[in-house]
Amino acid sequence: AYLILAGLSTPLVLSVHSVVSFDFAVSLIPGWHTTVFPPYFVAGAVYAGFAMVLTFTIPVRKFYGLEGLITIRHLENMAKVTLATGFIVIYGYAMEAFTSWYSASPYEGFMMWNRMWVGPYWWTYWILLFCNAFSIQFLWIKRLRRSPLFLWLLSLIIGVGMWLERFVIVVTSLARDYMPSSWDLYSGTIWDWSLFIGTISFFVMMMFLFIRFLPIIPMSEMKMILPRSKKAE
C-alpha cells in the first residue's frame, strides 16, 4: 500500500505544483516570466511540507507520549530533507537574481532592484531570505538537528518565510509592473485577513479532528516497531 501511495503521490506533487507555477511562468509580468518556477515550486512545496509536518508532529509526539514511536532519528531525517530541499529553494532565489542581471532586460532588472532594495516591500524579501535561507544553516549542527524544540521553532520560521515568499512573488510583481500609472500599494481588507485566518483555522480544526477520531500511527506499524522502539534511539 505504501509503495502504491508513493507511486501516486510523487507524480501528483510534481504535476500539481508544476501546473500552478505555469500560471505565473507563462505570463509576461516581470518576476513571473521565468522557467525556473516549476522545479522552484516543487522544491518549495516539499520544503514547506516537511516544515509543516515538524510543526504538528513535535507537539503531538510530546502530548501523546509517542517518543518511543516517533524517535529523534525520525525528526533528524526530516531535518535533513528540509535542509536539502531548502538549498533547492535557495538556488531558485539565486537564479531569479542571476536571470534579472544576465537577461539585460530593464524590466527584469528593475523588478529585482525594486524587490530587494528600493521598493515599498523590500523588507519582506530580506525577512523571507532570513527565514528560508539563513535559518536552515543551523541544521548542519547535529545537536540542533536532534533537538525537538529547535526543530519546532525552525519549522514555524520556515512557515512564515514560505508565506512571505508567495507574498513577494504575487504582490511585489503586481505593485510595480510596466506602467507607472498602475502602480499602487496593497493593503489587505478585512475580508482578505478573514479568509486568511479562516483557512488556517479550518486546517487546524481538520487536523485536530483527524487526531481525535483516527489513529495517529497505523496499528500495523505499531505492531512492527513496538518491540524495537526502545532501541531506536
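Keep in mind that glycine also has a Cβ here, set from the backbone N, Cα and C atoms.
Just so you know, TrEMBL annotations never went through curation; they're auto-generated.
Listed in TrEMBL for this protein:
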- 37-60: transmembrane segment (TRANSMEM)
- 81-102: transmembrane segment (TRANSMEM)
- 122-141: transmembrane segment (TRANSMEM)
- 150-175: transmembrane segment (TRANSMEM)
- 195-214: transmembrane segment (TRANSMEM)
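Against the transmembrane segment (81-102), stretch 37-60 has more CB pairs under 8 A than any other of 37-60, 122-141, 150-175. With a cut-off of 8 Å between Cβ atoms, the residues of this chain six or more beyond the transmembrane segment (122-141) that come close are 47, 79-80, 82-83, 86, 89-90, 93, 114-116, 150, 154, 157-158, 160-162, 164-165, 167-168, 172.
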